[in-house]
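Encoded as structure tokens, the structure appears first; notes follow it.
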């Protein structure tokens, strides 16, 4: 209001970095981007720490293959991070905080000294998590210091400086001395530099590792003999340093981290399809990603028409946003209907029972297909089911530059600048798989697209049509968005699934109970648990034999993701 645009833009950007789910701020950011008096460098994060700012800029240069600029900023980030680490460690030198104030027995002098010192050591060890956590986030970036060295060795190599590349590789091996890819790199560097060339790790990294190991040794002694507890912040801690009674937990933590970082291409599962007539139109390899697939013929044309008839109730009496402006863009109207609301409308006579039942059937059929294909033998529960339509607002499409739904991931907060996806609230962290079952194609725009982590490098696009089901895992490996609906009305059933039964969709349970009650009242009790919700009623699909799909694409040759410059869009809410 004071016309100080630069300060307004930086304030808005700072808030948005820490709150990427805030829809009003997203709209304000987009408004500022279109203003002629606003420069791109006005979008500054006022709370950014020096090492994080340098790190993110360095990663952007790295991903753009600008290696000279990348090494400059990554070196700056590493230096600033180590300085921030020292500042954090100094703050640990405070008074002893008794964590068990209710204990009646007062410790003796030596016990008090030991407890205070161990408390300081544990505080110092946790400082690496402090510097590895981006401002506004809760979760720390794993292996923050080693990752700098990994990126730097590759960047220096590409820039033609093999001496510094070898130095960074040797420094990285201090953390992971048995890392085979890095050991192979070291052999290459020694061959190129000559066997007589002295290749040593950086002095600052040697000091960092030696000091950390010494502190860990003391802490683990206290854990084993003095009853202390310790959550080791590092994945690289040598196994021999950990007491025998704690090794199992440490191994489990390491295995968990390996499973999470293991390339999804290696664990892509392909189970048999439970219905005949359904075809795999595109698999992960054809969609340039992992855990992605497109099925066709999941619904017939007649079934699509029946469900489209049900969508009219979504605009008139449904839930969601009741035909209000979309929460994602002012250029579209949004209509939504849950399965419970559909059954309640059928009870009131506002829609036909068969149409409400078909919504349950179609979504259950989709669940069985996705479960069988991606997670055979492991139960998928509904997390949320929503019949949604997006309608272009007439007269407001000219010059439109936004999306129908900004790029996002379904179970984490996408951070394209940091190339991370933070699995923390308010994200739906319990969601495991997502699906979209399309009902029509008589509209313009509205296609689904997948991107890299940068949210702008499009890797695959899917054109909606009746009976087409797109399914994918809900994590950071599948950022996606929806192109603007510029004409007509796009309708689909949005589906989210979870392996966690405690997060199962309660509205669906109630809807199925009401449907069973209706069947009893009509003297037509369901056969089995829920006759008709297995996807076979009113469909030509019947059980079919197993089929296998092709393997996913080859893994990348360098750390990080390939990113390109482009105006970016960010995560919004969870309606496709």
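Any Cβ shown, glycine's included, is placed from N, Cα and C.
In TrEMBL, the annotation coiled coil applies to 64-91, one of the ranges 8-35, 36-63, 64-91. Distant neighbours of the coiled coil (64-91): 49-52, 54-55, 57-58, 123-124, 127-128, 130-131, 144-145, 148-149, 151-152, 155-156, 158-159, 161, 164, 204, 208, 563-565; these residues of the same chain sit at least 6 beyond its ends, with a Cβ under 8 Å from one of its Cβ atoms. Looking just at the coiled coil (64-91), the mean pLDDT is 95. When DSSP labels each residue, the domain 'Fe2OG dioxygenase' (385-499) comes out as 0 helix, 58 strand, 57 coil, counted as helix, strand and coil in that order.
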